[in-house]
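Chemist: The following block contains the structure, expressed as structure tokens.
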């Protein structure tokens, strides 16, 4: 502790003791004043950074606070405090000190070093030297007991299900016995809430063995359906297969196994997997589809390899003019047929890529084949192939056009692929229904078809209306005028 020279002289020349005289003040009050004066003089020399670990709390009498003797004197001083205050009030010569209370023995020495007097508390030196005011902490109130019930074992199965339905957090771990778990599942099913049922099933799936879970769900069909749907959604094929095997659902077992081919990207590996699916217990119709799927992928692999080679060689005209935009692998049957009609239409029936071969192998209906072939050849503007597609011969050798899909659809497909008007008019004329023919001819501006049809119907009024729609001075207008002025036609009234 550093002191200046002036401070040291003041300290050593001062004293709290006086010589005894008969004029001295009352002994008790003089001790009080002298003690306070001594403490205040010490306060000026105290360094705020000194450690207070070695300081002891003492009372006015010099006793260490907390000792047995201090406790006895403290009790006595409290009991006699009222009597001492009365004596102080009766001393007129010391009226200026009448309002000074006797310091309680609960003051600590460290509190006076900071000039603080807090009755009723013992303040340490480090607290006294701190500039931060003391904080008072209110006792933490306990939470309502109901808030802790979510994490306790108080909830019954019905209460737990109701809370799950409301979206509240509930622990299911307390349900340890099989009976409690099944009761929880039954409560969830009776609530008719799919989310709650699924949540309980996830808990049972995690805490029960497969055999017990499958056995109990076999007699609970609602929960069983929810579990099957859940397993399909998360893609747990292994557990789903085990479940179907346990339930002896052979067809569903086979279909579930077949779905795994979707996860196989390599064509060769997918083909081999499909081969293993052929012997599974499918229904008769599904077995035929599985066989066709395997055969189609096998054909696609062969066609893809061959066409990739032809395209890279650059010697085939069709591949030079119309490069392939995508691979044919894993494409549907109709797409494969369109591809074959586009790139391999003229190939012999014996080749795998021939459209006729595909038609016979996979038993493609006539309507589907004609519609697909028409779209492919019209896109290439191969009108000769389109004409040959609908031309048939009878046993006498006469030719006739026939369209299993209807000529109105043929006209729409041809127009979509920008067919010339002459070709459109030829097929519009083949439409049997008159109203449909007129609508198509008007829509696609087949003027000759409209004029000839109105003439055949002897509908003068409709012909006059259509005359206003053609260009002035055009050949169509002249043709209409010639028909209107003809005396050989008997017009309808």
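In case you wondered, yes, glycine gets a Cβ from its N, Cα and C as well.
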Chemist: Given the ranges 101-122, 123-144, 145-166, 167-188, which one is assigned the annotation region 'Disordered' in TrEMBL?
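Modeler: Region 'Disordered', as annotated by TrEMBL, spans 123-144.
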Chemist: Have a look at 51-73, 74-96, 189-211, 212-234 and point to the one annotated region 'Disordered' in TrEMBL.
Modeler: 74-96
Chemist: Taking helix as H, G and I and strand as E and B in DSSP, count the residues of the domain 'Vps16 C-terminal' (177-277) in helix, strand and coil.
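Modeler: Helix, strand, coil within the domain 'Vps16 C-terminal' (177-277): 87 helix, 0 strand, 14 coil.
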Chemist: If I take every residue in the domain 'Vps16 C-terminal' (177-277) and average their pLDDT values, what number comes out?
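Modeler: That stretch averages a pLDDT of 90.
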